[in-house]
Amino acid sequence: MAMAPPIKVFLGSFAFAVFWVLAVFPAVPFMPIGRTAGSLLGAMLMVLFQVITPDQAYASIDLPILGLLFGTMVVSVYLERADMFKYLGKLLAWKSQGSKDLLCRICLISAVSSAFFTNDTSCVVLTEFVLKIARQQNLPPHPFLLALASSANIGSSATPIGNPQNLVIAVQSKIPFGEFLFGIVMAMLVGVFVNALILLCMFWKVLSVQKDEEEPPVEVSTQEDMNSHRFSPATMSHLSSQTSHELAASLDAMSHHLHNSPGVNGTLDNLTLRNRITLSDEIHTPKDITVTENGNGIGNGDSGLGLEEKDEKSAKWKIMLWKTGVYVITIGMLVSFLLGLNMSWTAITAALALVVLDFKDARPCLEKVSYSLLVFFCGMFVTVDGFNRTGIPSAVWDFMEPYAQIDHISGVAILALVIVVLSNLASNVPTVLLLGARVAAAAASISPEKEKKAWLILAWVSTVAGNLSLLGSAANLIVCEQARRAQNFGYNLTFWAHLKFGVPSTIIVTAIGLTLIRA
């Protein structure tokens, strides 16, 4: 693409600079409006400065990417409701053999969950588990938080649904899910192993301070943690019989709602509250009177207890069937991806199948979708397309192209270096949007296999590059913020503490992975 007129180049560069500053530093003092609003501001300036027309702006928004992103986010919401991530958290502490074993488990579980449920989601739900386990075993959180964030980024590189930049690459390159997975999976597995090895080498002394055999690992009980913050009638010993019956009546309403809302937590809480009310009632009521489901007393306590047990068993079976349905639909979505079906519509279909399976108002679940991220992508598509129309990216690539041919080792190294630098300066998704088509076109002039490999190299390097610094990826920032805000066991992961590990890990893992990518 030829360079645009100077005034268009200047105004387009200014609009892109505004977007870049607000995307990388969303809370700058002179414009603290955040990433999403900054993305829309950059898009609006591109249209206002006539760098891009309104029709071109709308056409630049990639609907298949937005559909795939929306569908996978909805599926993740229902998986979280089905306790998928709670089970993953329990795996971290199950029969743990000490701090080093725990660190390796975090690396593996974080990587695998990120590959199929996105790195951001995995970091959101696993950070608190990691902090709890570190606190319970009297271990420093620092190496475990680094293991979680860095492994999540490495693991997410293996699939098109692992992170946003891979979504863009999969849609633009039209590489099937299975070919994408098998092209990068070996690099991902070796990368996770090497990353864990680097962590062990850097923090061996810290992890060896407390001998593993002196204190057995403690199982994490998330249910107890949640129950400890909830209202417990049993602690109110001054309750009268009338008050107890009023509470029982209110529990009936809760029971009706919980029995129709699948979720283990609700059922366990219902059982706990009922048992506590029954104990309170025994103080004030005859032994042959039992509070039943409708709140009335009946003469035979055994028959009332039998009805309750039947209802609770029925509720448990409904919950198990619902969870099974969620997992089956999710596996069906992944299998459909592997069979080469359209990923965007497959993800949306799976999301709507889960909504229908839930069989109730989907608004609470749909409200958990990050619509601000979808809006951010819309603004980013427009802004990047406008910047491309200035001709600057093409001119830069024309200069770099002779030195970045992927049929030579030196060319691959230079290309990887450019991607790492841009991914940390301009963020990984804009980097993919700016470089993707150009890198692929240059590789296609060599052979179709090289074109496919170029896309996979772009996916691998742009993702692993996120480990370089704390600002390199959203997953890093999520772990940092989640850890800082955690109640009772918060921890501040600093920029420099992350950088000391991030630089060597990124360089070594990226270099090793490049040798293992297969087209």
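Heads up, the Cβ atoms here are built off N, Cα and C, so glycines get one too.
Pulled from TrEMBL:
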- 27-465: domain 'Citrate transporter-like' (DOMAIN)
- 6-25: transmembrane segment (TRANSMEM)
- 58-79: transmembrane segment (TRANSMEM)
- 180-207: transmembrane segment (TRANSMEM)
- 326-357: transmembrane segment (TRANSMEM)
- 369-388: transmembrane segment (TRANSMEM)
- 408-435: transmembrane segment (TRANSMEM)
- 455-475: transmembrane segment (TRANSMEM)
- 495-517: transmembrane segment (TRANSMEM)
Within-chain partners of the transmembrane segment (495-517) [C-beta distance under 8 Å, separation at least 6 from its ends]: 142, 146, 150, 154, 183-184, 186-188, 190-191, 194-195, 198-199, 202, 412, 416, 420, 453, 456-457, 460-461, 464-465, 467-472, 476, 480
Stretch among 6-25, 58-79, 326-357, 369-388, 455-475 sharing the most Cβ pairs under 8 Å with the transmembrane segment (408-435): 455-475
Long-range neighbours of the transmembrane segment (6-25), counting only residues six or more past its ends (CB under 8 A): 31, 33-35, 37-39, 41-43, 45-46, 49-51, 379-380, 383-384, 386-387, 389-392, 425-427, 430, 471
Across the domain 'Citrate transporter-like' (27-465), average pLDDT on the 0 to 100 scale: 78
